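Q: Below are the structure tokens for one structure; questions will follow.
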Amino acid sequence: MGPDGAPSQSVPWRKVLWEWQPFPDNYVDQRFLEELRRNEGIRQYRYWAVVKEAGFVGQQLSCVAIFITLWLYMEQGLLAPETLFWTSLTCALLGYGLYQALTSQTESCSDHRTHLADSQSAALFLSFTFGFSPVLKTLTESVSTDTVYAMSALMLLAHLVSFPYAHPSPPGSLSLNAALFASVCLASRLPGALHTFAMLTCALLVFALWPCLLQRIRANAPGQFTGVCVGVCVGGVGGLGSQSLGGAVLLSLALVSVTLICPLLLVRLQRHKDNIHGPWDEAEIREDLSRFLH
């Protein structure tokens, strides 16, 4: 029964718009709620499955912490740029070999890049980065240090917020550009051009190449994915703790919140979800209309 009441006529009401009926426009009969559907197609989450997926968020947060820790060691003169560069290069080669080992036959056929093309891209990046390091070193000389640190913190936050955690291979352009911008700002505050070159090489490894390898591990070696994420988180907390105990405590709290508390809240609040569907929903065209586009 509609809000205006049903008329006394014996004409049955029909849900049509192309003919006149002796009923108000907002009239519906008693069958209106018979088509009510609740929580149609709702996805049920399991706690530990959500925790496993949230591990990607936690390890990315730890990667930022590891990068900041390396920068602090470089700024304090506790880490030589040569050591950082050769360590990054070695890790990149090992990661590339592992990436190729985890690549399935189907993925190998769909990817037409060769090892020579990958080597040329790496050599081109290293050459241009090394050549422009003196320029990048003096890029922010006219900007105050506080402003550089503020911009770096903002860009790293933008990197974490815009990172495509569902499909991180390759990383999103906004996320990667924000991370590289922050890396350039921080690297410009290091003592020399070689420090800048080593720091930018490390930034490419952490923010561009590592997410691709981790995504390949998640897809083709899911049993090792959780262990890798835990190792990265432990490394991030330990590295930051060597520089700042308060920073390590804050990072630990953030990791616990992201990987344990937030999934628990998601699973608990899922039972209170109440989506209703019925004849008031917008019409959906389920027929394939692609043939009309030709």
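Positions of Cβ are set from backbone N, Cα and C atoms, glycine also.
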Q: Could you tell me which of the ranges 117-134, 135-152, 225-242 is annotated in TrEMBL as transmembrane segment?
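A: Among 117-134, 135-152, 225-242, the range TrEMBL annotates as transmembrane segment is 225-242.
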Q: In the same chain, who gets a Cβ under 8 Å from the transmembrane segment (193-213) while lying at least 6 residues past its ends?
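A: Cβ under 8 Å, 6 or more out: 60, 63, 66-67, 70-71, 74, 81-82, 84-85, 88-89, 91-92, 95, 98-99, 125-126, 129-130, 133-134, 136-137, 159, 163, 168-171, 175-176, 179-180, 183-184, 186-187.
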